[in-house]
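Annotated features in TrEMBL:
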type	residues	note
DOMAIN	46-194	domain 'Adaptive response protein AidB N-terminal'
DOMAIN	203-306	domain 'Acyl-CoA oxidase/dehydrogenase middle'
DOMAIN	317-475	domain 'Acyl-CoA dehydrogenase/oxidase C-terminal'
DOMAIN	482-606	domain 'Acyl-CoA dehydrogenase 11-like C-terminal'
Amino acid sequence: MISSQMRSTAKINKKLLLNNILQRSKTVFSGSKTGDFFQENPVLKNQFEDDQLLDKHLKSVLPDQIYKEVRPDLVNFGQRVATEVLAYHQDVSNYEPTLHQYSAWGERIDHIQTHPSWKKLHDVAAEEKLISIPYENKQGIWSRTLQVAKLYLFSPSSGLYSCPLAMTDGAASILKSRKEDVFQQAYSHLTSNDPDLFWTSGQWMTEKKGGSDVGNATQTRAVRQSDGSYKLYGFKWFTSATDANMAMTLARIEDENDETKEGTKGLTMFYLETRDKEGRLNGIRMEKLKKKLGTRQMPTAEMILEGTKAYQVSKEGRGIASISPMLTVTRIHNSIMAVSNTRRLLNWSKDFARKRVAFGHKLIHNPLHLQTLARIQVELEGGFYMLMKVAHLFGLEENQVATDHELMLLRILTPLLKLYTGKQSVAASSELLESFGGHGYLEDTGLPQYLRDAQVLSIWEGTTNVLSMDVLRSITKTNGEVLRALLADCMSNIASVPSSSDHGLSATRQSIVQAINDISSFAKLSVTKDETFMMAAARDFSYSLARTYIASLLYGNASRCPDDGRTTEVAIRWTLLNDLAPINKALDNERIYSKTDFKNDNAIIYS
């Protein structure tokens, strides 16, 4: 017989065994839920100090005294956008505005509810003088460059508040020269550094019939009032930054017979305030908020103007012509958003590569991964230098010291900058999300929104094709002067010939010269061709101009810094990785861009 002591010992051992099994089960179960590994997330450092590209450029172009004066502000702002402003960005990125059309008592109120941090971003914009810098003009011809530098730091942390700022800057550029009290009052608000006084502006151009084709799509009518103001009646189909304090818009003035003039010559630009002194909407009825792929942080509405009080800004029938200065501003802003969007994702991806281990090694030691990031860096630098060139040209123009050559350059480079960087940003954002693997696909990382938001940059203020046609118009209207100015500037940028021993840079220069020759040959060929040919060639032609011009800028940088191997490598890689002049295929094949090609395109798509 088993003794009672043995039975007691067995019971104790069984109990201990069960407890051990239970504890192991708990541990295993806990591990199966959460695992024992957590990926260290990428972090942002001071966004100015961590950007040698921006700092180096400013130091090289700004007069020493101006650089010393502005650098401390840029350092402080670089830290602010990586901390406080980034937190506001994250707040608004997780909140979509809502439209409340009626109060609890049935009153029509059309109130747009945004996240409180949207207002804080408004305050930051005022405090940091993001709009006022070029209008105060303390740095003279370099004021625009400084503004672009600060917006470049702000934009990817702005929760898309950079979009209303683009339209605000555009409106300020129009109103600054107007002497009427109503316009000067608005201008003082648009350029105020006091958050309580600072206004933002909308840009209400798009109607149901179309976007870029405003000349034929605008149906809004303007009725003259006895006090000199107008009342507007129409449907604005796409009004971004709908919560702005004011807006610039287009309408057709009714004559004494209540008739309007059709086409572009019938359009006039107007200024309106969105609310009256009591805070009530100014004859505006919000129909709905748009549901968009991206830019969801910012309210975009369909609205009806039903007697909206407005003031005439342009001469009657000169609305489209009056938009041109505003388009220069907003297209530069679009390009700032595009380049800085790529920069931000690349910053995060570079930090992630230092931390992420895959197949036993950190990504930073993987040659293919590093090659991918390096190629994007080269693209980024190309867009960056083109952006800064246009910013400087615009500063010269605003200070009325630009030469005819520089004015021609600004005219053709602005649409080229916008169309090229817009496409760059979409491609780079997609590639950079992929560099994070699955994390790049998760909304709660905050990464996918950069791709969604980037897509609008190739659409707003003119799609790639619309802007390509604008480039052609600029050439036609100036009898080729803008093209000659661009090619002459390319030749000036590559004027320095490298030493015979520097085969890499020598080959780069030869590639640029060949591209310039191809563009010149194509321009001569196009004179003998019909409209179909040039329309079909417009995009490839614009890409040829943009890539070749950027190549010349990068070569110029390298030739000025012969001991900087990195700068030289960037210039070499740009020409190696890009087809500088895709229009050269038409020089050897008469069918390219021809009517036959057009018919075949139609057959491929619709047959």
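Using N, Cα and C of the backbone, Cβ positions are placed for all residues, glycine too.
Note that TrEMBL annotation is computational and uncurated.
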Averaging pLDDT over all residues of the domain 'Acyl-CoA dehydrogenase/oxidase C-terminal' (317-475) gives 97
DSSP tally for the domain 'Adaptive response protein AidB N-terminal' (46-194), helix/strand/coil in that order, comes to 97 helix, 11 strand, 41 coil
Across the domain 'Acyl-CoA dehydrogenase 11-like C-terminal' (482-606), DSSP yields 98 helix, 0 strand, 27 coil
Residue counts for the domain 'Acyl-CoA oxidase/dehydrogenase middle' (203-306) under DSSP, helix then strand then coil, are 7 helix, 50 strand, 47 coil
